[in-house]
Amino acid sequence: MSNVKHSKLLILGSGPAGYTAAVYAARANLKPVLVTGMQQGGQLTTTTEVENWPGDAEGLTGPALMERMKEHAERFDTEIVFDHINSVDLSSRPFRLTGDSQEYTCDALIISTGASAKYLGLESEEAFKGRGVSACATCDGFFYRNQKVAVVGGGNTAVEEALYLSNIASEVHLVHRRDSFRSEKILIDRLMDKVANGNIVLHTHRTLDEVLGDEMGVTGVRLKDTQSDMTENLDVMGVFIAIGHQPNSQIFEGQLEMKNGYIVVKSGLEGNATQTSIEGVFAAGDVMDHNYRQAITSAGTGCMAALDAERYLDSQGK
């Protein structure tokens, strides 16, 4: 692997953050190189419909939106490389990265590798992803208006998803393997109010044993009692797995400051909101954001990262 590709700006990741960063960087004549990663288009490629993207009132599919973003980046001469980075060295300049196909060096780096939703690992769960199984209520909840859904999990994410869906679905079944929830008190209070006076039903000491369905999609779930091992079937049209996300930041461990796997960035008070603990390295999208995790917020931070990188490169005379 003697071939080394150098660029002023290298962007890792091909989701909304990466492609937006590419558009802004290319328009600034930084001649960015974007390395797609293994999941081209990011998490949105697993979303069937996107109906909250401003300007697209009719809605569009996740893959279609990402293809449009890719074309937009290419229009301004972003070089897109289909490769996966498996190691990095940020200890010297230029930064050095090693991919499956070749090595890369760059004067500035934007990390937009995203985060991956955690799943339970059931074969049936995998089989119905995008056809009734989701990990994002704000993305896909709309499609279950006035229908019964299940949420699996016991932390803040699960409770928030259940509360959100309770305003859309006819009935929300919250499934948790324990009898108490690992969530903030204010969320627990809201949850219990919805249980007592609303449309949320708790299934504690239960685990998801199987997702049930047919060629049309999910039709129900099979739950297992953690104390008796007895099983029961529940009729639902959607299943939301809410057991957290894993930021795709493993290759940067020990080199960048992180918190729970998410890359830490600056406050932005000095116009450097996306700068990491290493000058010249910036982060955007879900790899640094564990709160919002929306396509539009990822795109926004991608824009910010490109502007921050442009200022940095200018300050270095690059």
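The backbone N, Cα and C atoms fix where each Cβ goes, and this holds for glycine too.
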* Could you tell me which of CYS106, CYS136 is bonded to CYS139 by a disulfide, according to Swiss-Prot? => CYS136
* Taking only the Cα atoms, work out how far ARG293 (FAD binding site) lies from CYS136 (disulfide bond), in Å, as a whole number. => 9
* Measure from the CA atom of CYS136 (disulfide bond) to the CA atom of HIS290 (FAD binding site) and give the result in Å, rounded to a whole number. => 13
* Give the three-state DSSP assignment (helix, strand or coil) for HIS290 (FAD binding site). => coil
* Report the member of THR36, GLN39 (the binding-site residues) whose C-beta atom has the most other C-beta atoms within 10 angstroms. => THR36
* To do: State the Cα to Cα distance, in Å, between VAL287 (FAD binding site) and CYS136 (disulfide bond), rounded to an integer.
  => 16
* Between CYS136 (disulfide bond) and GLY42 (FAD binding site), find the distance joining the two CA atoms and give it rounded to the nearest Å. => 14
* Asked: Among the recorded positions CYS136, CYS139, VAL287, which residue has its Cβ surrounded by the fewest other Cβ atoms within 10 Å?
  -> CYS136
